[in-house]
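According to TrEMBL, the features are:
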- 58-78: transmembrane segment (TRANSMEM)
- 113-135: transmembrane segment (TRANSMEM)
- 142-163: transmembrane segment (TRANSMEM)
- 175-196: transmembrane segment (TRANSMEM)
Amino acid sequence: MDQGHNTNMVDIEKESSTTTFDYSKRAQWLRAAVLGANDGLVSTASLMMGVGAVKHDVKAMILSGFAGMVAGACSMAIGEFVSVYSQYDIEVAQMERESGEVEKEKLPSPLQAAAASALAFSAGAIVPLLAAAFVREYRVRIVAVVAAVTVALVAFGWLGAALGKAPAVRSSARVLFGGWLAMAVTFGLTKLIGLYGL
(Lines of atoms letter the chains of each structure in order from A and count residues from 1; the text may use other names and numbers.)
(Lines give C-alpha, C1' and ligand atoms only; values in the text may rest on other atoms or scores of the structure.)
Protein backbone atom coordinates (compact mmCIF):
# COMPACT_ATOMS: atom_id res chain seq x y z
CA MET A 1 0.00 0.00 0.00
CA ASP A 2 2.76 2.41 0.99
CA GLN A 3 4.79 1.46 -2.08
CA GLY A 4 1.84 2.19 -4.38
CA HIS A 5 1.28 5.49 -2.59
CA ASN A 6 4.97 6.43 -3.01
CA THR A 7 4.84 5.55 -6.72
CA ASN A 8 1.79 7.80 -7.18
CA MET A 9 3.58 10.63 -5.35
CA VAL A 10 6.63 10.27 -7.64
CA ASP A 11 4.38 10.35 -10.74
CA ILE A 12 2.61 13.48 -9.46
CA GLU A 13 5.95 15.17 -8.77
CA LYS A 14 7.17 14.29 -12.28
CA GLU A 15 4.01 15.70 -13.84
CA SER A 16 4.29 18.82 -11.70
CA SER A 17 7.92 19.42 -12.70
CA THR A 18 7.07 18.86 -16.39
CA THR A 19 4.21 21.37 -16.16
CA THR A 20 6.49 23.93 -14.50
CA PHE A 21 9.12 23.41 -17.17
CA ASP A 22 6.60 23.90 -19.97
CA TYR A 23 5.29 27.07 -18.32
CA SER A 24 8.78 28.51 -17.91
CA LYS A 25 9.57 27.78 -21.58
CA ARG A 26 6.34 29.48 -22.63
CA ALA A 27 7.14 32.50 -20.45
CA GLN A 28 10.60 32.77 -22.05
CA TRP A 29 9.05 32.72 -25.52
CA LEU A 30 6.51 35.39 -24.55
CA ARG A 31 9.19 37.55 -22.98
CA ALA A 32 11.36 37.24 -26.11
CA ALA A 33 8.34 38.19 -28.24
CA VAL A 34 7.69 41.31 -26.13
CA LEU A 35 11.36 42.33 -26.35
CA GLY A 36 11.35 41.76 -30.13
CA ALA A 37 8.19 43.85 -30.53
CA ASN A 38 9.69 46.59 -28.38
CA ASP A 39 12.83 46.54 -30.52
CA GLY A 40 10.76 46.86 -33.71
CA LEU A 41 8.72 49.68 -32.20
CA VAL A 42 11.66 51.78 -31.01
CA SER A 43 13.98 51.28 -33.99
CA THR A 44 11.29 51.90 -36.62
CA ALA A 45 9.83 54.91 -34.78
CA SER A 46 13.33 56.39 -34.31
CA LEU A 47 14.13 55.87 -38.00
CA MET A 48 10.88 57.55 -39.03
CA MET A 49 11.50 60.45 -36.63
CA GLY A 50 15.01 60.87 -38.03
CA VAL A 51 13.77 61.01 -41.61
CA GLY A 52 10.88 63.23 -40.50
CA ALA A 53 13.38 65.70 -39.05
CA VAL A 54 14.65 66.59 -42.53
CA LYS A 55 11.86 65.40 -44.85
CA HIS A 56 8.34 66.59 -44.08
CA ASP A 57 6.85 64.44 -46.83
CA VAL A 58 4.62 61.63 -45.52
CA LYS A 59 5.78 59.28 -48.31
CA ALA A 60 9.44 59.57 -47.31
CA MET A 61 8.58 58.91 -43.69
CA ILE A 62 6.42 55.86 -44.45
CA LEU A 63 8.93 54.38 -46.92
CA SER A 64 11.79 54.75 -44.45
CA GLY A 65 9.70 53.11 -41.74
CA PHE A 66 8.68 50.26 -44.02
CA ALA A 67 12.29 49.68 -45.13
CA GLY A 68 13.35 49.71 -41.47
CA MET A 69 10.66 47.19 -40.58
CA VAL A 70 11.62 44.77 -43.37
CA ALA A 71 15.37 45.10 -42.75
CA GLY A 72 14.95 44.75 -39.00
CA ALA A 73 12.65 41.73 -39.25
CA CYS A 74 15.06 39.99 -41.63
CA SER A 75 18.03 40.80 -39.40
CA MET A 76 16.25 39.53 -36.28
CA ALA A 77 15.11 36.35 -38.05
CA ILE A 78 18.58 35.53 -39.40
CA GLY A 79 20.23 36.27 -36.05
CA GLU A 80 17.72 34.11 -34.19
CA PHE A 81 18.03 31.29 -36.74
CA VAL A 82 21.83 31.19 -36.44
CA SER A 83 21.69 31.41 -32.63
CA VAL A 84 19.05 28.68 -32.19
CA TYR A 85 20.73 26.43 -34.78
CA SER A 86 23.95 26.62 -32.75
CA GLN A 87 21.97 25.62 -29.66
CA TYR A 88 20.33 22.82 -31.69
CA ASP A 89 23.74 21.42 -32.72
CA ILE A 90 25.01 21.53 -29.13
CA GLU A 91 21.94 19.73 -27.78
CA VAL A 92 22.10 17.05 -30.50
CA ALA A 93 25.78 16.40 -29.72
CA GLN A 94 24.99 16.18 -25.99
CA MET A 95 22.11 13.73 -26.55
CA GLU A 96 24.32 11.52 -28.74
CA ARG A 97 27.02 11.48 -26.06
CA GLU A 98 24.61 10.71 -23.21
CA SER A 99 22.15 8.21 -24.70
CA GLY A 100 23.21 7.60 -28.31
CA GLU A 101 19.83 8.69 -29.68
CA VAL A 102 18.34 12.07 -30.53
CA GLU A 103 14.91 13.04 -29.14
CA LYS A 104 13.73 15.52 -31.76
CA GLU A 105 10.66 16.65 -29.81
CA LYS A 106 12.96 18.09 -27.11
CA LEU A 107 15.05 20.11 -29.56
CA PRO A 108 14.50 23.81 -30.34
CA SER A 109 13.24 24.76 -33.80
CA PRO A 110 15.46 27.33 -35.57
CA LEU A 111 12.78 28.08 -38.19
CA GLN A 112 10.09 28.58 -35.58
CA ALA A 113 12.35 30.86 -33.56
CA ALA A 114 13.29 32.89 -36.67
CA ALA A 115 9.64 33.29 -37.71
CA ALA A 116 8.57 34.28 -34.19
CA SER A 117 11.36 36.84 -33.96
CA ALA A 118 10.51 38.41 -37.34
CA LEU A 119 6.79 38.52 -36.50
CA ALA A 120 7.42 40.10 -33.09
CA PHE A 121 9.66 42.78 -34.61
CA SER A 122 7.09 43.51 -37.33
CA ALA A 123 4.25 43.72 -34.79
CA GLY A 124 6.10 46.48 -32.95
CA ALA A 125 7.22 48.25 -36.13
CA ILE A 126 3.70 48.47 -37.53
CA VAL A 127 2.58 50.81 -34.70
CA PRO A 128 4.43 53.99 -35.84
CA LEU A 129 3.73 53.13 -39.49
CA LEU A 130 -0.03 53.03 -38.90
CA ALA A 131 0.12 56.17 -36.77
CA ALA A 132 1.81 58.15 -39.56
CA ALA A 133 0.08 56.61 -42.58
CA PHE A 134 -3.15 58.62 -42.51
CA VAL A 135 -1.91 62.03 -41.33
CA ARG A 136 -0.87 64.58 -43.97
CA GLU A 137 -0.05 67.52 -41.69
CA TYR A 138 3.62 67.25 -40.64
CA ARG A 139 3.37 68.42 -37.01
CA VAL A 140 0.22 66.40 -36.34
CA ARG A 141 1.93 63.34 -37.86
CA ILE A 142 4.94 63.68 -35.55
CA VAL A 143 2.62 64.05 -32.53
CA ALA A 144 0.57 61.04 -33.67
CA VAL A 145 3.69 58.87 -33.98
CA VAL A 146 5.01 59.92 -30.56
CA ALA A 147 1.59 59.37 -28.93
CA ALA A 148 1.09 55.91 -30.49
CA VAL A 149 4.64 54.86 -29.62
CA THR A 150 4.21 56.13 -26.04
CA VAL A 151 1.10 54.00 -25.50
CA ALA A 152 2.80 50.94 -27.04
CA LEU A 153 5.98 51.44 -24.96
CA VAL A 154 3.98 51.57 -21.72
CA ALA A 155 2.05 48.44 -22.76
CA PHE A 156 5.22 46.52 -23.71
CA GLY A 157 6.96 47.66 -20.51
CA TRP A 158 4.04 46.49 -18.38
CA LEU A 159 3.77 43.17 -20.23
CA GLY A 160 7.51 42.53 -19.95
CA ALA A 161 7.36 43.29 -16.22
CA ALA A 162 4.38 40.96 -15.75
CA LEU A 163 6.18 38.11 -17.52
CA GLY A 164 9.43 38.73 -15.65
CA LYS A 165 7.62 39.37 -12.32
CA ALA A 166 9.29 42.79 -11.98
CA PRO A 167 7.77 46.06 -10.67
CA ALA A 168 5.38 47.19 -13.44
CA VAL A 169 5.62 50.98 -12.95
CA ARG A 170 9.42 51.06 -12.85
CA SER A 171 9.74 48.72 -15.82
CA SER A 172 7.20 50.68 -17.91
CA ALA A 173 8.92 53.98 -17.06
CA ARG A 174 12.33 52.57 -18.02
CA VAL A 175 11.05 51.29 -21.38
CA LEU A 176 9.16 54.55 -22.01
CA PHE A 177 12.09 56.87 -21.30
CA GLY A 178 14.44 54.62 -23.28
CA GLY A 179 12.13 54.82 -26.30
CA TRP A 180 11.70 58.59 -25.96
CA LEU A 181 15.47 59.03 -25.68
CA ALA A 182 16.12 56.95 -28.82
CA MET A 183 13.57 58.98 -30.84
CA ALA A 184 14.83 62.32 -29.49
CA VAL A 185 18.50 61.55 -30.18
CA THR A 186 17.76 60.28 -33.71
CA PHE A 187 15.54 63.29 -34.48
CA GLY A 188 18.04 65.80 -33.04
CA LEU A 189 21.19 64.41 -34.67
CA THR A 190 19.51 63.97 -38.07
CA LYS A 191 18.17 67.54 -37.87
CA LEU A 192 21.66 68.86 -37.10
CA ILE A 193 23.26 66.91 -39.95
CA GLY A 194 20.48 68.00 -42.29
CA LEU A 195 20.97 71.66 -41.40
CA TYR A 196 24.77 71.89 -41.14
CA GLY A 197 26.34 68.67 -42.38
CA LEU A 198 24.93 68.36 -45.89
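Note: Cβ is positioned from N, Cα and C throughout, glycine not excepted.
Note that the structure is predicted; figures quoted are calculated from it, not measured.
Among the stretches 113-135, 142-163, 175-196, the one making the largest number of Cβ pairs under 8 Å with the transmembrane segment (58-78) is 113-135. Sequence-remote contacts of a segment are chain residues at least 6 beyond its ends whose Cβ falls under 8 Å from one of its Cβ atoms, and for the transmembrane segment (113-135) they are 29, 32-45, 48, 58, 61-62, 65-66, 68-69, 72-74, 76-81, 83-84, 141, 144-145, 147-149, 152, 156.
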